[in-house]
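According to TrEMBL, the protein has these features:
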- B:23-258: domain 'Glycoside hydrolase family 65 N-terminal' (DOMAIN)
- B:320-697: domain 'Glycoside hydrolase family 65 central catalytic' (DOMAIN)
- B:W353, B:D354, B:K609, B:Q610: substrate binding site (BINDING)
- B:E496: active site, proton donor (ACT_SITE)
- B:706-766: domain 'Glycoside hydrolase family 65 C-terminal' (DOMAIN)
2 protein chains.
Amino acid sequence: MIGRREMKFCVDTDKRNSWYIGTDNFDTMMINKIESVMFQGNGYLGIRGVSEERQLGERRDMFVAGTFDAFPGEVTELPNLPDLVNMEIKIDKESLSLNDGSIEDYHKYLNLKNGELTRTFDWIINDKRINFRFSRFVSMRDKHLFVSKVEISSDQNNLNIQIRSGIDGQQSNSETQHMIEGNKRLYDGQYIQLMSETQQSHIKFAFNVKNDAYIDGILLNMKPYINMGRRQIFCNYDLNLNTDQKFTLIKYANVYTSIDRNNANSDLSTLSLERLKYNSLSNYDELLQKSTKSWLKNVWQKDYVKIDSDDIKPQVAINFARYQLVASTPDDNRMNIGAKGLTGEGYKGHTFWDTEIFMLPYYIYANPAVAQKLLAYRYLGLTGAHKKAQKNNYQGAQFPWEAAWPEDGETAPLYGSADIITGEAMKIWSGFIEQHITSDIVISVMEYLNATNDQEFAKNMGYEIILDAAKFWVSRLEYDEDRDRYEITNVIGPDEYKEHVNNNAFTNYTAKWCIQKAIKIFNTLKENYPDIYVHLNEKMNLKETYNEWIDKVNKIYLPRPNVDGVIPQDDQYLSKRIIDLSRYQTNNQVSDIFKSYNLTQIDGMQITKQADVLLLLNLFGDRFDEKIKRINWNYYEPKTTHDSSLSLSTHAMMASDLRLNKEAYEFYEKACEIDLGTHIGKASQGLHLAACGGIWNATVKGFGGLKVVNNKLSLDPNLPANWQQLQYQIHWHNSLVKVSIDHSKMIVGVTDGDLEFISHGQTYRVIDGKTVELDYVVEKS
Amino acid sequence: MIGRREMKFCVDTDKRNSWYIGTDNFDTMMINKIESVMFQGNGYLGIRGVSEERQLGERRDMFVAGTFDAFPGEVTELPNLPDLVNMEIKIDKESLSLNDGSIEDYHKYLNLKNGELTRTFDWIINDKRINFRFSRFVSMRDKHLFVSKVEISSDQNNLNIQIRSGIDGQQSNSETQHMIEGNKRLYDGQYIQLMSETQQSHIKFAFNVKNDAYIDGILLNMKPYINMGRRQIFCNYDLNLNTDQKFTLIKYANVYTSIDRNNANSDLSTLSLERLKYNSLSNYDELLQKSTKSWLKNVWQKDYVKIDSDDIKPQVAINFARYQLVASTPDDNRMNIGAKGLTGEGYKGHTFWDTEIFMLPYYIYANPAVAQKLLAYRYLGLTGAHKKAQKNNYQGAQFPWEAAWPEDGETAPLYGSADIITGEAMKIWSGFIEQHITSDIVISVMEYLNATNDQEFAKNMGYEIILDAAKFWVSRLEYDEDRDRYEITNVIGPDEYKEHVNNNAFTNYTAKWCIQKAIKIFNTLKENYPDIYVHLNEKMNLKETYNEWIDKVNKIYLPRPNVDGVIPQDDQYLSKRIIDLSRYQTNNQVSDIFKSYNLTQIDGMQITKQADVLLLLNLFGDRFDEKIKRINWNYYEPKTTHDSSLSLSTHAMMASDLRLNKEAYEFYEKACEIDLGTHIGKASQGLHLAACGGIWNATVKGFGGLKVVNNKLSLDPNLPANWQQLQYQIHWHNSLVKVSIDHSKMIVGVTDGDLEFISHGQTYRVIDGKTVELDYVVEKS
């Protein structure tokens, strides 16, 4: 039975509305998980779903995209900024704390459609019942703006309310402080401002807050009492409330930085203050409405995925995934999406291959303009990639495993946690030898170019990235004289449990493929775009490197399937010991295996962290036949712990392609549960944004059957049995393509241009404004 | 009625034992207060009395004396170091938290005699009752060593216990991070180490921890599971316990730094590890016993104050005061006592006049060797004092208002909190114009020399300090041609509510007095110690400055008593508006007046923060007659808010001298309650160590009548009516003097030399080993 089990979410959902996630329980064990899952952001500013009042064990993170700074002795990271969320509330001198007194009617819900977070509860303390309603949003219209509101009423007369609401710069990245405290000011008796600057990168920040206090909707003519502390400035209110009254505080807050695109040369203090003055002319609802409209216009009108199923959870998961991707994606080509976006301190805000392989497909098909910016970031990153290559005595562009500011190059930390046996900190080899990132970027550029046919991007940036990547790869090759072949030794492939391997299949295949792409592009440019050719030839000595490509490309060693059809993950893998991994696979706790073995021991066994050979087969599906895929699935899947959040969605897609429908749906469910699931994991560190991309991939590319075969759009869906219908829309060559699949038919419609696509090997054409209807057939793969 | 009210302490005391302070309630409002009051330290290492498990709102500070560092843009401060106290405990997977479940039989007590802190309680969670007993101490024998212990038993079989105990470097000074993370290592499977370094001052630290786990006293042969995080390394235990079993974990921890006197050139990592290996050969009780012996030998055998009274609280207060002074006083003349000692982040660990005027008397009489080191710190600080003088275009030694590393000079922050009206941060003028500190140091040097007759110190350091101070003062004088006199304008006196005043009485009197002392010393040196004279003359151009002293000293303007006998606090004070201050005096909340007025407004009124003229009269009691003292008491006391913790003890002494016995005891009680009292105040920032000194001063110098009159010891006690007896011992000129006072007699005994002292104007001589008995008479002053 497929879909017989239901996804287990840490949040509740509204059965009729897939756009709300929330919880009706206050569970101290789940604080960090809820903070991550209920993240609010607009790609510029990101705030975790912390409570307004402080809680033990919380992670009160707020980030602005791209504002990297390095603490002495550490790699660069996104600084955790002064807290704008905090409100300290005292009721009759008793501090609001959910650990004291009792709580009834608790609800904390995030509206995924517009990012509004609300929290309501009754706090019963000393025989008083006080009703609280908190609501807040990060504006999608004005990306600097954060607005929040608290409403308080009670069953008491003469209830004393004290509220402290302001800017609390006593924040840090797990106690690492990036900010130098600047001026603190009060303007016009009601606007408070804190200026700050990062200690190494010298990025300046202005934070402003204004509070408006109301009783029963009447604005109080009441200047707050101001107090300051170290890195802190607060407005304080102290008033009494009767049982028939409602107190409301609206907090307007904003952040500006010296690296903002539009105000680099402005007086940050004045500009940000003026903007807040303007913003605070509108009330909460008006500002929320504007933000909601921007969400609709910029996101939901472009991006449509609808699942009809008795189970609402897949629809919640895909809504959640898209909301989170958008909330963490900067609109600035000097920046990219962090592995955790702006949702937590994990991975320091750095960008990995997660973007290209797992998140970019969503943008390429749903919002190609964003995809273009994310790839342009890699173009800007060529400077950093050249640095890295030179440092390692290679040529061309060796992209960093971890990227922050594009020209910085490699920002991976050098050391990680301890080896359990020796007690010594372990070198993190990824920044040195996990080199497939350079191929991953080329894969993504090609997927973007295939889907968009964006010639401008190709000519201005895309081709250069690919040529430069190939230049790196050819310099990276090592000649084995005995066998007259080129090898790539001492790398880490996608499977990070295997360090210092030789001829990792994924790495070698994709390196060769990069060079092949570059050869084609070289010839295209030379023939069709001689000016670009001349320009790039001068810039990167293209002709010479081309000759090298031609000399070497056919001698690059590819680990071919062995007699049993198994593609060796690397030279050593197949000769290692095999153990039964099932107990590590079923347990939801990631990295359980490290409680039994250390990395050296794991290295000695056929244990794979995540799709490696299978990822190759998935990404280059049109280059391997079904038999090889099935053999390798059968071989590698039981050896995979799925300790990487990148693994499950790939397996879901792969299983669906192999028509292993039960497994496909099980992997799909697990993929949807990576962040939304009930296990706590590393939620305090933030969401797994690649897994969010994975949900979209598994839904649209997996079950929805969206593929690119020989550069052509291909649609071979495989609708789960418990879904009645799947509808989605994608962009293809400037056209908008709408696909609707149920168990009897597939309807494909197109606007803004004609469409050619393949289904089950047959080519279809749809004219602008028309649709074509096909019988729904699931062929055995 | 004297003593009709009882002191109100935030802690309970054992009625029969004045060496225990504690609480039988867990009160979340009092967390910070209890942390400060139950501070543990040995002058090198200081740890706040936080709970082992984390709590919301706690201040988990640990400091090593003298390890100052400056975060960019900030003044230097003592860095809050990695936490060695924390133990995270889970019982059947439930984290120990006093906010969850319920607590019975809670007791948290500090033994003031040996600094052991114990905390016991039953935690009732999910119908299980678990008994916890935590105990710990900072060793007085091995100043690097901190040992703690937890004992756990329950009414359950098969109770699962998980403990994480290690080194948690995720600590900061209110989120300002000073430490650069260094290596984290595991040695021999059981010793963990974290290396760190301050980011600006580059002081290196080694932190080591070893845990020993026992069941029923049997050491478990169990290697901990090690895990690491950012700035963190932990040992983890996971075991099950039956109802008849007791689990014990002993945590041995130490800290070494690169500025330690004895190991500056050692390999810190190896040295500290070897020391911990050695320490951990002994068990908790053995190590505690050694530490207890050191407390006895180094402290309590030298220092004796005994109060016989039906109320035990005065004895508790004086024990508390002496314990806290010792616990925060470094044994290293490159360091001094911070205004908050090592007990909190307040005042950044900086040293103020608090040491000289309020704390040093205790050491001068109880332990003069320590006093000598604290004054030697000022001698080393001459470099910094010269820097400050030069910067301000003065000569000689202008001592810093706030001092950290002696050669650094002024370390006062430039800006403080906001002005309530303008919203602008206020310049902190103390570092610029609160100049009486230079006199205060001379006062203290003279008190030390009078009491000890330490010629070595005088010749090597003391005289030079005084001469250099006088050189500063004479360069500081401003000539008023019209009146042919020298003035000192634009200063802050002891009363910090009055900034930019002219001719502050305290400042002018003490400046003149300094120059007078210097003139005497000049002549003494020239006549008796020509080699020193020649040396200092070369060093500081003494002859020239001497001529200036002679020229100017008699023309220094002193604000003499006016027609009513009132000494004007400064030129402007007496012409300002007078308001009724009584409501700000009775309220225990410090700085209440700022809720009504800002500093500019206060400046315009006759409001005094703390003893100013009265302090002058107190410190130079033999230079002013009783009538002037009484007039000025009657004038200034009602105008004083006592917003400084330095005010109450001075007033207690002054009132006692004036035989205003009711007022004296009321001020005494309030002085004892500054830290031990029930109001929360700024307890999170640490204790008021000057107020601890003040308790000793008010007890021994006030009621005990210890004074120096014309350089001679004088004993005119004034025993409170509700005290049956007061006994104390002091050091005077290498003799040990024991004084015992009851309402019928005073007995003075001496060992290690003869003694001459004055009582009621009459001179007595006591021969070594003998005592003299006087009738107890309280003359009207």
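Cβ atoms here come from the backbone N, Cα and C positions, even for glycine.
Keep in mind that what you see is a predicted model, and the values were worked out from it rather than measured.
On the structure: features taken from TrEMBL.
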residue: B:W353; record: substrate binding site; DSSP class: helix
residue: B:E496; record: active site, proton donor; DSSP class: coil
residue: B:K609; record: substrate binding site; DSSP class: coil
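B:Q610 (substrate binding site) and B:E496 (active site, proton donor) have their C-alpha atoms 8 Å apart, to the nearest angstrom. Listed in chain order, the extra residues whose Cβ falls within 8 Å of the Cβ center of the substrate site residues B:W353, B:D354, B:K609, B:Q610 are B:F352, B:I357, B:F358, B:P494, B:E496, B:S644, B:S645, B:L646, B:S647, B:A690. Rounded to a whole number, the C-alpha distance linking B:D354 (substrate binding site) with B:E496 (active site, proton donor) is 14 angstrom. Cβ neighbour count within 10 Å across all protein chains ranks B:D354 highest among the recorded positions B:D354, B:E496. Distance between Cα atoms for B:E496 (active site, proton donor) and B:K609 (substrate binding site): 6 Å, as a whole number. Neighbour count (other Cβ atoms within 10 Å of the Cβ, all protein chains): 22 for B:Q610 (substrate binding site).
B:K609 (substrate binding site) counts 22 other C-beta atoms within 10 Å of its own C-beta, drawing on all protein chains shown. When Cβ atoms from all protein chains are considered, those within 10 Å of B:W353 (substrate binding site) total 25, not counting its own. According to DSSP, the secondary structure content of the domain 'Glycoside hydrolase family 65 C-terminal' (B:706-766) in residues is 0 helix, 43 strand, 18 coil.
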